[in-house]
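Asks: Here you go, one structure.
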Amino acid sequence: MAASEELYTKCARVWIPDVEEVWKSAELTKDYKSGDVSLQLMLEDGKNIEHKLDPKTKNLPYLRNPDILVGENDLTALSYLHEPAVLHNLKVRFIDSKLIYTYCGIVLVAINPYETLPIYGTDIINAYSGQNMGDMDPHIFAVAEEAYKQMARDERNQSIIVSGESGAGKTVSAKYAMRYFATVSGSASEANVEEKVLASNPIMEAIGNAKTTRNDNSSRFGKYIEIGFDNRYRIIGANMRTYLLEKSRVVFQADEERNYHIFYQLCASAHLPEFKALKLSNANDFLYTRQGRSPVIDGVDDTKELCTTRNAFSLLGINESYQMGLFQVLAAILHLGNVEIKDRDADSSVIPPNNRHLMAFCELVGVTYQDMSQWLCHRKLKTATETYIKPLPRLQATNARDALSKHIYAKLFNWIVEHVNKALVTNVKQHSFIGVLDIYGFLASFFRWICLSFFEQFCINYANEKLQQQFNMHVFKLEQEEYMKEQIPWTLIDFYDNQPCINLIEAKMGILDLLDEECRMPKGSDDSWAQKLYNTHLKTCSLFEKPRMSNRAFIIQHFADKVEYQCDGFLEKNKDTVNEEQINVMKASKFNLLVELFQDEEKATSPTGQVQGTGGRTRLSIKPDKSRDTSSKEHKKTVGCQFRNSLQKLMDTLNATTPHYVRCIKPNDFKLAFSFDPKRAVQQLRACGVLETIRISAAGFPSRWTYQEFFSRYRVLMKQKDVLADKKLTCKNVLEKLVQDQDKYQFGKTKIFFRAGQVAYLEKLRADKLRAACIRIQKTIRCWLARKKYLRKRSAAITIQRFTRGYQARCLAKFLRRTQAATIIQKYQRMYVERKRYKQKQAAALAMQTILRAYMARQKYQALLREHKAVIIQKHIRGWLARCWYKRCLEAIVYLQCCIRRMRAKRELKKLKIEARSVEHFKKLNKGMENKIMQLQRKIDEQSKENRLVNERLVGLESSYTVESERMRGELNRLRGVEEDAKNKANQVSSLLEELERLKKELSATQQEKKTIEDWAQSYRDEMEKMVAELKHQNGLLKKEKDDLNRLIQEQSQQMTEKMTRAIAEETQQLETDLNEERSRYQNLLSEHLRLEEKYDDLKEEMALSSNVSKPGHRRTDSTHSSNESEYTYNSEYAELEDGTRGREDVTRGIDTSLTLKLQKRVTELEQDKQLLRNELENREEQLQRASYINVFSFQARGAELEYESLKRQELESENKKLKHDLEEMRKSLLGNAATGAGAPGSPAYKVLLEQLNASCEELEVRKEEVLILRSQLVSQKEAMHHKVALDILYFVHIQLEKNKHVSAAPDLRKLNEDGELWLVNQGLKETIRLLEHQLQTQRRTYDNEVESLRSELQNVKEENNRQQQLLAQNLQLPPEARIEASLQHEITRLTNENLDLMEQLEKQDRTIRKLKKQLKVYSKRIGEMGAGQTEGQTSPGQMVDEPIHPVNIPRREKDFQGMLEYKKEDEMKLVKNLILELKPRGVAVNLIPGLPAYILFMCLRHADYVNDDQKVRTLLTSTINSIKKILKKRGDDFETVSFWLANTCRFLHCLKQYSGDEQFMKHNTSRQNEHCLSNFDLAEYRQVISDLAIQIYQQLIKCMENILQPMIVSGMLEHETIQGVSGVKPTGLRKRTSSIADEGTYTLDSILRQLSAFHSTMCQHGTDPELIKQVVKQQFYIIGAVTLNNLLLRKDMCSWSKGMQIRYNVSQLEEWLRDKGLMTCGAKETLEPLIQAAQLLQVKKKTDEDAEAICSMCHALTTAQIVKVLNLYTPVNEFEERVSVAFIRTIQTRLRDRCESPQLLMDTKMIYPVTFPFNPSCLALETIQIPSSLNLAFLTRV
């Protein structure tokens, strides 16, 4: 027990035993020497005493720990580990620091404060979530987080064992642990399982908790709650097991105690209408609720508690009818307790007739009054042959009544637990669980003798022994694992093993075994059982004793102390018997719920029964197994047996999990807030195993340091030469020098292990070294201060001299500057006058030159123009004359040739008539030639028509040129008129001169009159001067009075102004606050709306997945959707929800939709028939083209065929137009009859549809017949044509052969060809054939062009038809009121498109005219330049015109681009996909202009507005918003993506404002930008929607940044030592905190600054608005400050002077970063003010009242709770620092008492400042934006 004797020197502090305080502190006044029998001590009150040492053991008293170790978070961090150190540490933390939680190794010690503390809010939960257990101050949330983290990390189930005395706070601790799990994990389904888990608490508290003398809400049963988690570690359900309900409390309560809460809640709510039938009244009116004489708990409203209980029942699925049934049973129990049983005689009893309470009981439970009154006073006895009914005495009858009450309540309790478990079970597979064990107030009788310890207390103490054994084994195992892990030599540590005590209770022939055996005996009694215990264990077991003065009691030596148990009632409670006849009456009840409570176990499984659970585990049961005959008493399990089995299963479950221990301590017996009774505390510490943990740890090496921590802490004890690169070797060398005894420490793999007291010794050495260093520092500082004072005085003298000399020099320089300035002013003034005169002359000369040159240029231009036109006229006339001459010559030659050939032909004809056999052949030949000639003639006519058209066009151009010349002549006439006006003006000058002479005469007359008036005025002036002098005197007097009044008024106005200014400032500040609150509230609603939207999307996806799984295969779609799928594919992805909802709402409105769909189907069939005809036509054309090379003579037949087919095509087009007309009529009819029932049979719309359907059917039949006729004609014509061509070829060949034959056979026939007439005919035929071939090719090309144009027209018609069908389908789905608007909108859109086409054609013509004019100017210029050359070279005008002209490059002017982008409807999905969904922010930010996607989207929107297409505007905006939401949902954790789309969304919003047409936004635009404003639509509502979207993106950005910064903040701002060596590392316990030494993976302040710079550069690259960047930076700094301050408030080890210096340095680095980025004005620095003030609070003095006043004025940004918390947590790191006294903290609290502020301790890290988007117009012109090809937006057209 004693430490090293050399430590017991003078001034050493020790602990000595004390009767009142258990341990008292004292200080040695004399060194201890070996052999001394006493110690000379001085107590803290100054009293000197002599402490005698034990002569046998010679043990010295315990040493005290150094002050810097007092108040540690972990008791194992103390250098001296013993009982007084533990007790003192807990007292200091509890009383001085108001900290109720302390670690003791693996145990969390929780002291009940008997006061509500603000340390369990959601902000505290968030602060502990994800933190290591040693990094934060001890808390129940830290234990829960450790269990949750180990479950996820180790894939092992966890358990939290909460134990302690009744009133120590076990239930509250378990409740907070479950709340933590419910908050951090959430639920895996939409059923809000975590709410149900928490809702089970008020139910179980109502039916299982009661007021005791020690606790107002004491749990009277044990429970083990398993909280189940899925594979993602979200709560999926829970299961509750209960143990040993205290049933006796239902019928009996001690003084100052109450029955279960539910009874008092019902009595307090008896006035409610629904409870009238229960016939309840005040709790004092019932026996079962008035025995404790304390029916009310202070501060508890039982009526409100019942509402809470009922709400919890409803949340868990127990409906109102079941609830009323439960309350009915509970009320019946109260009435049963009031049933008065009287003596009939000594051996029998009777219930008076018409007992109102018994009648109420029978009415409530549905049993007969006779049966119940019979069996309450009688009992049935069975023998082997007969059955007897035995009356009961009054006492036994009363006990039977109470037993029935207890039994009913127990059944009801089990039923509620069963249904609670059913409500907490889900279908999701359980992956793991965390169990929370809240096990009784079982320590109540361990540490003192109680004469009334009965069966229940015995079971509780038995459970405690089992749990204590499990705890000891676990602690021993962890200690052993730590030594083996560090490879420290393991020596066996002796610890208390309570297995013998457990064997005494549960082994064979143990206490429980003997008790069960005695219960099975027919005449067993408590006395006989006590004798069996004496005989069996009194001599064999040292733990079992017999009281001296009693034969009906026994004593057991438990782990904590001896306990005496009275044997009375053991057998009866172990049997737990109830009158079977009473049970049968209950089972025969008409009340269904009561029957359900009493039904057999096979039919109703209790939640505590043996039911197989998930994961192969079994639920524990304390009920007997009724698988066999329930009437066989010998097979019925006793309560002790059931409890032993349940306890064994509980231990098996706990052993299969990783346990976490919470020991609750009750500080006093009077429920006083923050009052600490050492006696009571040490009794509980001894009993709960905390001191055993300390003893096991102290037996080895309790203090453990890592090498890095030891080096950092004791670096001051090392010399420079001792410091090596290897920290481990350095520590070994230093320790060998500092501590000579090597048994005092051991070196492990990663830690150094110290014996008890060695850390205190090292701290003493460190303090001595630092004290010497402090003295040297003080000496140096004082020298430095004196020198600094001298230098300051010297510098002041030099400064005065410098300023004086500087003043003189400045005066001289000022004089010189003034002289030079005057000279310069004169020079520039003279220069200005001369320059102005010169400019005037120059301007006059230039004006004259300009007019003259312009006149000469116009004259020259007119001459050139006339000359040019004359040349053109000459050219055309000469050409016409030449052509006329040529035509006349040609006609004459042709006519001559015809005459000669006719003559020769006649001559030849005469010769051939004789020999010709077939004259018909030549007739056919001539006939074919005539036809061809006629065709040629027709072609010639067409050419002449074209020539006429060209001539007309030429005439039009000439007329335009004539108009231009006329305009120029008009201009010339105007100038001449101006010249004549000038001449007229000159004539007016003479008349003006005459007028001037007349005015001079009048002036002279006026001067004379003036002289007369001046004389009169002089006399009047003298008189006035006298009057003025008098008035001045009076004015002076009045002025004085006025000044006085003005001064008074000014003072009053100044006071009023100040008051108004203050009032306005306060009002403005209040309005700004209200605005920010409203904006924050609105943005919070937006975030909540976004969360609900995401949840809705998730649910929608889950439903879609479930529907796909449940219904595999193809899903049918609407016919309109399938027919339009290709053109409206986008709707399925982006507008599915909106369109689907609208479709479902409108599908039953208006008209008969099925008829419309039939009509659409019919139109589609007609279109298909038309397509078939078109395909067949194309096939025929290809066949004809392939056959065209056979003979050129087939042209005529083919032309006729083409004409026929063209006719058919025209008919089809006319038919299509007719269909369009029919659709239009149908739409008008529908719009005209849009009222209710318009689509019913017999209505006009129905008739129109029916008529059009019939007409379509008839037309279809006609078209089919025409198709058949067309096919037959095509086939016949083809065959006839082929046959005819073949015959013609054969016949022609035959004629040629015959001619050759006759020529060769008859030589005299040569005369026929003697003039070459046949050769001439042959040549003419060849020329004719070539001409026809040329015409055929030309015709073919023309035909191909016509076919292509017709195909394009057909395609357009088809698209128009499809669009009409889609519009029709959409209009039919719209409500009647919207159809007219939609039709009008469609018509307006169509007209707008046509107008645009016409405007485009007009613009093309204008461009052509401008181009021609420019060419004309170029030609004119060249003509002027070449005029001299033409004269010299005698070149004619015709030759000049005929020279080649080089092409002129005319660039397109930029103003022609209007800053709009056009896209097709079907390209909308592609636009959104390429511009939003698949866009990579990194490439855009680097290579393109910021905000380019926003500009492109707005330019597309401008075009939709320009064409007045509201549907396109709506779909584009909706698609954009949905796509941005989609990409953010997909990549919402990527900062670059979120920042990119925040910048683009804001830019898009600014564009909508800038080009909205509102004056407030247009004033920032250029004139060109104002031309680009939207003209047709007001998008103010969409601006609000996009603003909301921007707010959502901003909040997502903040969350993304918070997730990135969160891991860095605590490490970089608090843990990392930016200034090395300022703060040393204090000793830590078993719960190691995160090291503050910068390792490779540790975040530092530089990491935070680099991340902030990365954020800032990314936002700048994306073009984020500067004001928005400031708001983001402000939010970033708020997060940094809030997280840092919250961790500071929750970490005692961080509250020190050195840490305050580190924080202030870190804050200065953040401020420097703000300066570098130019963000000092963004308000970010102000958000760090609470952190700065907390750091200052750590560093200021904290002793006197002046210090308290300074702290109160300095810490205005901190709340009172935060200031007091920091002062309570302030912990000295070195001995030179002092703790803050309790009195000083009380002074601070008193001074801050009047502050009106929130009691919240932590800052809200989830708070987001309300964001605003100040209007930031863009100076970028839309027409200058170029779209890069990398965006794949080639389908966009610039307009």
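Each Cβ is built from the backbone N, Cα and C atoms, and glycine gets one as well.
No curator has checked TrEMBL annotations; they are predicted automatically.
Keep in mind it's a predicted model, so treat the numbers as computed, not measured.
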Asks: Need the matching range: TrEMBL marks region 'Actin-binding' on one of 647-669, 1314-1336, 1567-1589, 1636-1658, and I'd like to know which.
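Replies: Checking TrEMBL against the ranges 647-669, 1314-1336, 1567-1589, 1636-1658, the region 'Actin-binding' one is 647-669.
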Asks: Just going by other Cβ atoms within 10 Å, which of the binding-site residues S166, T171 has the emptiest spot?
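Replies: Lowest Cβ count within 10 Å among the binding-site residues (S166, T171) is S166.
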Asks: Tally every other Cβ atom lying within 10 Å of the Cβ atom of G169 (ATP binding site).
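Replies: G169 (ATP binding site): 25 neighbouring Cβ atoms within 10 Å.
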Asks: Tell me the Cβ neighbour count for K170 (ATP binding site), meaning other Cβ atoms within 10 Å of its Cβ, over all protein chains shown.
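Replies: I get 28 for this one.
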Asks: What are the DSSP helix, strand and coil residue counts for the region 'Actin-binding' (647-669)?
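Replies: Residue counts in helix, strand and coil order: 9 helix, 8 strand, 6 coil.
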Asks: Express the predicted model's confidence over the coiled coil (1156-1270) as a mean pLDDT, rounded to an integer.
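Replies: 55, rounded to a whole number.
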Asks: Taking helix as H, G and I and strand as E and B in DSSP, count the residues of the domain 'Myosin N-terminal SH3-like' (9-61) in helix, strand and coil.
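Replies: Taking the domain 'Myosin N-terminal SH3-like' (9-61) as a whole: 0 helix, 24 strand, 29 coil.
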Asks: If you count, for each of the binding-site residues G164, G167, the other Cβ atoms lying within 10 Å of its Cβ, which residue has the minimum?
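Replies: Counting other Cβ atoms within 10 Å of each of the binding-site residues G164, G167 gives the minimum at G167.
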Asks: Note down the number of other Cβ atoms within 10 Å of the Cβ of E165 (ATP binding site), including every protein chain shown.
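Replies: Result for E165 (ATP binding site): 28 neighbouring Cβ atoms inside 10 Å.
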